[in-house]
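Sequence annotations record features per position, and here Swiss-Prot assigns NAD(+) binding site to 74-75, 148-149, 159, 176, 178, 186, 189-194, 248 based on sequence analysis. The active site, proton acceptor annotation in Swiss-Prot covers 74. What Swiss-Prot records for 176 is site 'Responsible for conferring strict specificity to NAD'.
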């Protein structure tokens, strides 16, 4: 493989359990011993008391590092990726979470796998993001991005909402439901999958719309081109209606506002070990049957 080598490595990711910080510390000293320039996310350096470390924010790491190693689960990866996607930096994950669809490296074998990656032995792909605008006429939009999905939902559990969906400015359907999931191929194995949506392979230029508990027997997931623009309109809005991006950022929707969702201009430069297989990951994470022969 004739891949780009790395000179400056960023270490990011906030583990749910303090014991997982040991992975960050081992990784830091391992990289330093091999002569790499290392930047550590500020809070991690503080938690580990790495007083001599070069520290920075996610944006600093995105600007100055060649590779970011995200230690944690998919939640950590999503939070970091929304920032790092704005920069020319490659990203790989060490799984210290549960499923780990986006974090490939096994913590017990991460250093060996990472050693190969640092030698240029890796697979590279781009994952697109969704950009969401909550807006009203003649006013500035509130904007956020998502790697996995954008979800329209009420604040109350099991509270039905009514809305219309327009695709490329053409009416597509109206719905009474608990909400709507708009997912990327990356997000098709997350919340969308739990709601009955299809799995989209990461190379597809597609977006899937998945109804949440629709008040009809005929509503089905809809797959559209990633170049399409989705517009959500409301006849009236309850006080707690929200748009959620990756279940981490919430944008309230107020009376007179509409929601616009489209493919972002940014993308995540995700890399994997050289033996990575998307379908093997699906089989392992979802417990699919083994090969018969």
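Count begins at 1; order follows the chain as displayed.
Cβ atoms are placed via backbone N, Cα and C, with glycine included.
With respect to Cβ neighbours within 10 Å, the binding-site residues 148, 189, 248 differ, and 248 shows the lowest count. Sequence-distant neighbours of residue 74 (NAD(+) binding site) (same chain, 6+ residues apart, CB-CB distance under 8 A): 97, 98, 99, 100, 101, 102, 103, 190. Taking Cβ-Cβ distances under 8 Å and a sequence separation of 6 or more, the neighbours of residue 159 (NAD(+) binding site) in its chain are 178, 238, 240.
Rounded to the nearest whole angstrom, the C-alpha distance between residue 248 (NAD(+) binding site) and residue 176 (site 'Responsible for conferring strict specificity to NAD') is 25. Neighbours of residue 178 (NAD(+) binding site), defined as other CB atoms within 10 A of its CB across all chains, total 20.
Using a 10 Å Cβ-Cβ cutoff, residue 176 (site 'Responsible for conferring strict specificity to NAD') registers 14 neighbours.
Residue environment of residue 193 (NAD(+) binding site) contains 18 other Cβ atoms, counted within 10 Å of its Cβ in all protein chains. Residue 191 (NAD(+) binding site) falls within a helical segment according to DSSP.
Put simply, residue 176 (site 'Responsible for conferring strict specificity to NAD') is 24 Å from residue 148 (NAD(+) binding site) when counted between their Cα atoms.
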